[in-house]
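Asks: I'd like to ask you about the structure that follows.
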Amino acid sequence: MQNSTQPLLEMRAITKTFPGVKALDEVNLSVRKGEIHALVGENGAGKSTLMKVLSGVYPAGTYEGEIHYDGALAEFASLSDSEDRGIVIIHQELALVPLMSIAENLFLGNEIAEGGVIQWQETFRRTEELLAKVGLREAPGTLIDKLGVGKQQLVEIAKALSKDVRLLILDEPTAALSESDSQALLDLILELKERGVTSIIISHKLNEVRRVADSVTVIRDGSTVSTMDAKTDEITEDRIVRDMVGRDMAHRYPDRERRAGPVLMEVKDWNVWHPEHADRQVIRDANITVRAGEVVGIAGLMGAGRTELAMSIFGRSYGRNITGTVEMNGRTVDTSTVSKAIEAGLAYVTEDRKSLGLILDETIQRNITLTNLPAVSTNGVIAENAETQVSESYRKAMNIRTPSVFQKVVNLSGGNQQKVVLSKWLFAEPEVLILDEPTRGIDVGAKFEIYGLINRLSADGKGVVMISSEMPELLGMCDRIYVMGEGHFVGELTAEEASQERIMSLIVND
Amino acid sequence: MDLADQTKTSGQPSIGHYLLGHLREFGLLFALIAIMIFFQIVTDGTLLRAVNLTNLFLQNSYIIIMALGMLIVIVAGHIDLSVGSVMGFIGALAAVMIVEWELAVLPAILLCLVAGALIGAWQGYWVAYWKIPSFIVTLAGMLVFRGMSLWLLEGQSVGPFPKSFQLLSTGFIPDIFGIDRPNGTALAAGVIAAMLIIWLGLRARARNKRYGIEGEPLPFFVARTGIVVCAVLFIFYKLAEFRGMPNVLITMAVLTVIYAFVTENTTLGRRVYALGGNEKAAKLSGIKTERLTFLAFVNMGLLAALAGLIFAARLNTATPKAGFGFELDVIAAVFIGGASMSGGVGKIVGAVVGAFIMGVLNNGMSIMGIGIDYQQVIKGLVLLAAVFFDVYNKSKG
């Protein structure tokens with residue numbers, strides 16, 4: 001037992017700053033040999049950043065503090081550096097090449113070859129071995145493309161095993177998995193523990209944490225809040241939640257007078273099929289009602305189809321064979337293209353601001369006016385002065401922290417970029433705004449400002465649809481919450497009825 | 001860079017700091033001037049002689065006209081490899097219509113322009129609506145239209161054209177003041193152009209000041225404007241000494257001004273930059289990205305057709321080899337002018353200056369008697385150097 005209490009990894013007083021944001025502030029993390037250590041915290045608390053520091057994505061020298069690994073000071077210069085020492089990280093976004101086979105992916109960059117010639121027989125044999133270890137029954141030659149997310153996850157773990165992993169880091173491994181796939185994955189992690197693999201598991205699902213973790217570290221706003229040990233402490237979900245949230249819930253969300261007006265938007269019998277796999281239905285019979293001055297939430301797990309639903313409504317930007325109607329103020333409107341949807345009074349603020357929301361190399365001004373150029377031009381000629389006035393007014397109103405609106409948005413912090421995206425859509429003068437993860441990846445201060453803005457919008461009689469993976473945020477902000485299972489609504493709760501438990505049980509019992 | 005840093009420096013920029021920040025824009029202008037001075041010296045003053053200056057414009061007009069369209073295509077995130085072939089094909093079409101079928105000149109010109117736009121529409125259709133990479137579509141176009149001009153001309157040269165058609169390229173604007181030498185119209189045009197440049201510069205400065213944008217330091221503005229104005233006056237004076245302004249110079253100048261205006265000041269232009277900068281984001285902002293891409297190619301076809309007509313008029317004959325390899329000069333001009341391969345970045349004026357740099361290099365080296373072999377090597381290295389300069393600048397800043 002002596003051996004198992006000795007720490008394999010100790011991260012001491014890790015501090016990491018980005019321009020404008022202190023992502024980590026003297027974080028400590030200690031992981032014993034052979035244990036499963038859960039790292040929990042809200043989105044944006046700094047878990048992923050901490051893991052990037054550990055794995056060398058942010059190389060030694062770009063952060064303060066010390067990492068002790070296997071009894072010695074470790075200064076990883078790159079990801080491959082940490083992999084050589086047996087630290088393997090499996091990201092939320094899987095890093096597999098879709099059009100290559102399982103075998104090719106497993107040994108990518110690490111091919112079994114003699115004199116540069118790949119030894120296929122040996123490769124396939126070892127692939128079969130590894131697949132057996134993770135309990136995946138697929139032929140080594142199967143293309144990754146043909147596997148579901150759950151199986152891809154297993155391939156990632158098999159890949160980690162092929163590298164003689166000692167410390168396995170799993171970032172939200174079950175976020176996109178179905179219940180049974182999740183159970184299988186957790187069983188596998190427990191089995192790996194028996195074989196001496198130490199794991200760090202980052203998860204939002206506290207029941208899973210409780211099931212597998214030997215100890216738990218809670219991070220909030222870039223600092224370590226507490227560490228619990230299953231042997232000495234009683235780990236309860238309540239306790240974890242209290243540490244995660246920290247503050248009094250009431251103060252995290254600005255108050256708002258709730259008064260819903262007449263129905264603004266109604267989506268009826270909405271059905272969407274997958275754009276590539278014609279036989280896969282992504283959205284089934286969805287119905288949404290949004291009233292003036294109302295903030296409506298859509299809760300659900302990753303992969304439930306929330307973004308797909310929003311984008312398919314907004315100019316059919318996702319999916320095909322879309323059926324159903326959209327009504328605005330009681331009249332059916334055409335939303336078949338983005339410009340028609342904007343004209344009908346809709347706006348969609350994407351969850352992926354960098355690749356779908358902004359033109360990073362353009363100025364703040366040019367990004368803001370893009371949705372409604374005719375408003376700052378006559379006969380197609382842009383009046384630059386009017387354009388600057390408009391963007392300046394948004395800079396002030398939204399408190400975008402920048403020396404001038406002529407700065408490129410790529411230079412702004414995440415929170416300020418998000419404010420530019422919101423400005424851009426406010427300038428289109430919509431009646432209903434669909435906000436997809438509006439506070440993802442931005443710091444607490446900017447979050448609060450965005451909540452305030454949402455409240456102002458609803459006070460102005462706009463309808464707001466808020467898609468979020470952060471349940472506390474939905475509970476704190478929304479008048480009504482639709483709960484989405486896989487591709488369809490499994491329930492609708494009013495603000496009074498809603499709680500994390502009720503939402504979760506609706507999803508789980510789908 | 002830290003935000004605090006930026007605030008500090010935006011107040012009173014030093015000349016050195018400003019120059020560093022805008023190295024690319026001025027570098028281009030200075031490079032052109034340096035190259036001209038260099039050739040002026042080594043050719044014993046032949047480069048800037050009136051006849052040669054006039055020739056310089058005539059020789060490069062079609063490259064510059066196509067560079068205008070190519071800039072838009074490249075800003076939109078695409079490329080057009082077919083322009084050389086298209087221009088040759090349109091020249092051949094004009095020759096067949098005018099010389100063999102004896103069609104009147106004006107309707108023939110209009111038909112050729114329509115044909116060019118249709119060719120652009122054909123290629124744009126595949127790129128925009130079927131998402132076939134423009135490299136492939138226009139590579140196919142390059143082969144197709146080269147073959148079609150061979151077929152049209154049956155492998156022969158066809159010419160000569162009637163006088164009225166030749167005016168497209170070889171005509172000059174007559175002297176409306178009756179001085180004739182030096183040509184009064186050219187002098188007047190030079191003065192007006194110089195005044196316009198000063199006025200536009202002052203207007204932009206006033207605007208920058210009003211909105212607190214970091215503008216050029218005053219001495220810098222004066223020096224730069226001074227150099228440009230002197231160069232313009234000098235060129236027009238030289239042209240006036242010879243036969244005045246060539247017709248193509250007017251065509252070129254008017255098109256340059258129109259395209260610069262459209263790209264920088266209209267919603268249409270802005271949307272093209274947005275499309276090239278981030279197509280998905282542009283589409284989600286309600287921009288009809290397919291239609292814009294399509295139109296960029298239609299426009300390119302139209303300008304390639306115009307260039308083809310001017311080239312045929314200049315040679316006074318249509319040959320199956322016309323336009324061979326021109327696409328490379330055009331694309332090189334646009335990239336030397338600062339456009340980015342990935343789209344969203346680039347300016348009309350940059351592309352025009354880039355084309356002139358290529359033109360002066362061609363012309364100067366020919367006067368010096370440097371062989372075509374070395375000319376190619378040097379042009380290739382200049383292109384690489386210009387783009388390296390861009391990349392280096394970006395990685396630093």
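Each Cβ is built from the backbone N, Cα and C atoms, and glycine gets one as well.
Note that the structure is a prediction, hence the values are computed from the model and not measured.
As annotated by TrEMBL, transmembrane segment applies to B:26-43, B:55-74, B:81-99, B:105-128, B:135-153, B:186-206, B:218-239, B:245-262, B:292-312, B:324-341.
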Asks: Any chance the transmembrane segment (B:81-99) and the transmembrane segment (B:292-312) have 3 or more Cβ pairs under 8 A, given the pairs are 6 or more apart in sequence?
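Replies: Checked: the transmembrane segment (B:81-99) vs the transmembrane segment (B:292-312), in contact.
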Asks: Considering only Cβ pairs within less than 8 angstroms, which of the stretches B:186-206, B:245-262, B:292-312, B:324-341 has the most against the transmembrane segment (B:55-74)?
Replies: B:292-312
Asks: In terms of Cβ proximity under 8 Å, which residues at least six beyond the ends of the transmembrane segment (B:135-153) contact it?
Replies: 79-82, 84-86, 88-89, 91-93, 95-96, 119, 122-123, 126-127, 318-320, 322, 324, 327
Asks: Please indicate, using numbers and ranges, the residues of the same chain that are 6 or more beyond the transmembrane segment (B:324-341) and have a C-beta under 8 Å from a C-beta there.
Replies: 24-25, 28, 62-64, 66-67, 70-71, 74-75, 79-85, 87-88, 142, 146, 347, 349-355, 357-358, 379, 382-383, 386-387, 390
